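Step one of this worksheet: look at the structure below.
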Amino acid sequence: MTLARFVLALMLGALPEVVGFDSVLNDSLHHSHRHSPPPGPHYPYYLPTQQRPPRTRPPPPLPRFPRPPRALPAQRPHALQAGHTPRPHPWGCPAGEPWVSVTDFGAPCLRWAEVPPFLERSPPASWAQLRGQRHNFCRSPDGAGRPWCFYGDARGKVDWGYCDCRHGSVRLRGGKNEFEGTVEVYASGVWGTVCSSHWDDSDASVICHQLQLGGKGIAKQTPFSGLGLIPIYWSNVRCRGDEENILLCEKDIWQGGVCPQKMAAAVTCSFSHGPTFPIIRLAGGSSVHEGRVELYHAGQWGTVCDDQWDDADAEVICRQLGLSGIAKAWHQAYFGEGSGPVMLDEVRCTGNELSIEQCPKSSWGEHNCGHKEDAGVSCTPLTDGVIRLAGGKGSHEGRLEVYYRGQWGTVCDDGWTELNTYVVCRQLGFKYGKQASANHFEESTGPIWLDDVSCSGKETRFLQCSRRQWGRHDCSHREDVSIACYPGGEGHRLSLGFPVRLVDGENKKEGRVEVFINGQWGTICDDGWTDKDAAVICRQLGYKGPARARTMAYFGEGKGPIHVDNVKCTGNERSLADCIKQDIGRHNCRHSEDAGVICDYFGKKASGNSNKESLSSVCGLRLLHRRQKRIIGGKNSLRGGWPWQVSLRLKSSHGDGRLLCGATLLSSCWVLTAAHCFKRYGNSTRSYAVRVGDYHTLVPEEFEEEIGVQQIVIHREYRPDRSDYDIALVRLQGPEEQCARFSSHVLPACLPLWRERPQKTASNCYITGWGDTGRAYSRTLQQAAIPLLPKRFCEERYKRRFTGRMLCAGNLHEHKRVDSCQGDSGGPLMCERPGESWVVYGVTSWGYGCGVKDSPGVYTKVSAFVPWIKSVTKL
């Protein structure tokens, strides 16, 4: 039965029995079972003011909502609204009803700042205006349709739905001012009241919090006789006092009977520290514990300017509102811009005051601010699982501490990842952050609460991450997690930023750029990728030094989606999100175009003079040797890890710098390679160039240099139809000892001793080059560990073709195949003398295919040619 039909039937006296209230509400107030109410006058839905006599004819038509008795003609309902002016808000629910955050079918709304780029279907127009808003209240951004919000459906997709804007809203009616009155609740299109049974100050405080009318509520009662015809919705409301709104309190659906003393619930919203303190409320937050600070002064509400606003000021605001927990200051209209006057400026509390009135500050109304500088606070309750950063210079940095069982404790850094840091900083209201060193902040003395934490990045709360049980760990306080969070824009405002990480670099300051979007890490296409884009990435990660862009999968190809293309940064943005001009996921790229960066880049070439003095007599040093990785069966080498590796390249009519062979730098002016490299194009010096300091063949690099060829010396015994004596020397153009400029990335290799047998002296051997990797020729320098094989095995495999001027190397098992292939011809086989330097024992020469089982690669044995090399080069 609809309400209109019910009222009409009531007026006509046609009801045989009275309908139960829950059948009208359709369980909209979390009441899922249904009743069949007994007949009779003891089960009223409306409480009449007096007994109605029998009617012989219908009365005149009545309005749908009865007016209050004549004794209250000047009194109006009171509810939260900007300045308490009863006008509709163009972006949301009617003024006074800002708390609706569920769809009309009960799905909880997502915060506007957490809506991903990919949606199940297109939402109503103009919603982009709400990007970055932290609340999840229903809104109508175009001002025309019904309010709506985004929600997550059962499949994990994001969809949107309309909201019943006033459902669950409350107001105060019949009081002397807006801070007192009878409590009325809105549901299913009707305002109703609450029976005062068990109504106490905790219940009243929730109403005051919901209406943002003060820090404390005093329970009152109002006779039903003065309310007119109005439904009763609830009885026995049982709030704890810290709920965000009355819908979250335990309560009983009214099922008829007698309400004790026939009294309705009412409240007076007061302030615990007396009338001399200004009235304060928090507005625009997602709960009663946070929001824009607003003061009631001279009959109107106004805001506070954030000049000198800090956590000490927030502490006083939280105390004055009766909100305990962690107090945090927010700046630059973090909770949205207010309206009305700016009441105060230059507030400078010590943190010990009982009220903002006791703090040093400007005079009322004196300021030089606009509403873009409105101050805010959050007062996070101390419940199990609350987190904070302690021991730093502010609430944005310090040891990560978790509150549990009345005590703060730390988190062990075992298995800690960037995603963990992202979840922590996001929960604290920051956009991104990074882990600080363990000794950056003072050690804690409390318990270690958590260990082995692992977050996926999708969590909205830290405790949603997988972890050990409380108190289970194998750590000391030297392993406490420390974090520095960074703002996401002006005033630490959280916006649509994306977590960023660098992958597959040689250290944490470089690598392939990956972004976390829609629950998945993906890469960035290098179309238009410049140093300005790199600067923004490095700034977002907290690095302040020079930044360099890298293209063409310089740090290897990524996996998963390519999230972003055509990034256009000016270099001044705070995060990647500010530079994205193209839809997420839209691109025309492959992973061979993945973008990378190097942060805090201070690379410099050594001068020619300093080289001659300090490095000319040194060979076989790897100045950047920090780690080993395991061409076919190989992996990317360490950049600068093989500084003697050079490449012989074609030029002029034969090709535009195409890679022909690998080679080894023996001195500033001499290079060692294979004789067969000149078999096809001849030995004209004009056809070739040598590139030193190269790592990625398609990306110009700081240490890279291309030098012309002055002389080519092929061993006189070499014959093109044979593989013996496959060795050659190349003289670079330039003055003696000043051809190639030495640096950390350009250094010579050592020659072996004459007739030295590397199988007995060398155990740690590597081949390097840009050759065949099984799919294609590599763009980045490869390296592979390779064992030297006994001479007799090579003689048995290759018969007379294998001579005493050769050696062979490689893994014999197919699943461990390591070999050098076409592109590595002429490149080095390097072995490390124990505790000494790296020696070029072989020059890649020939083999039966690439990585073929039981067919190891064959190398020219350099030790057999040492006298010839020295006679030509004068080394």
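From the backbone N, Cα and C atoms, a Cβ is placed for every residue, glycine too.
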Swiss-Prot annotation, disulfide partner of Cys765 among Cys821, Cys831, Cys850: Cys831
With reference to Swiss-Prot, specify which of the listed residues Cys138, Cys149, Cys269, Cys305 is paired with Cys208 by a disulfide. Cys269
Of the candidates Cys349, Cys369, the one Swiss-Prot records in a disulfide with Cys359 is Cys349
According to Swiss-Prot, region 'Zymogen activation region' applies to one of these ranges: 139-150, 571-582, 619-630. Which one is it? 619-630
Pick from Cys305, Cys318, Cys425: the cysteine that Swiss-Prot pairs with Cys369 in a disulfide bond. Cys305
Please work out, from what Swiss-Prot records, which of Cys379, Cys412, Cys538, Cys569 forms the disulfide with Cys475. Cys412
Cys525 (disulfide bond) falls, by three-state DSSP, under strand
Under a criterion of Cβ-Cβ distance under 8 Å and sequence separation of at least 6, what residues of the same chain contact Cys465 (disulfide bond)? Asn420, Val423, Val453, Ser454, Cys455, Ser456, Glu459
Mean per-residue pLDDT in the domain 'SRCR 2' (280-381) works out to 86
Among the disulfide-bonded residues Cys165, Cys455, Cys794, the one whose Cβ has the most other Cβ atoms within 10 Å is Cys165
With DSSP as the yardstick, break the domain 'SRCR 2' (280-381) down into helix, strand and coil residue counts. 16 helix, 33 strand, 53 coil
Cα distance (Å, whole number) from Cys525 (disulfide bond) to Cys538 (disulfide bond): 17
Counting other Cβ atoms within 10 Å, pick out the least crowded of the disulfide-bonded residues Cys163, Cys475. Cys475
Would you say which of the recorded positions Asn683, Ser825 has the most Cβ atoms within 10 Å of its own Cβ? Ser825
If you count the other Cβ atoms within 10 Å of each Cβ, which of the disulfide-bonded residues Cys109, Cys149, Cys412, Cys525 comes out on top? Cys149
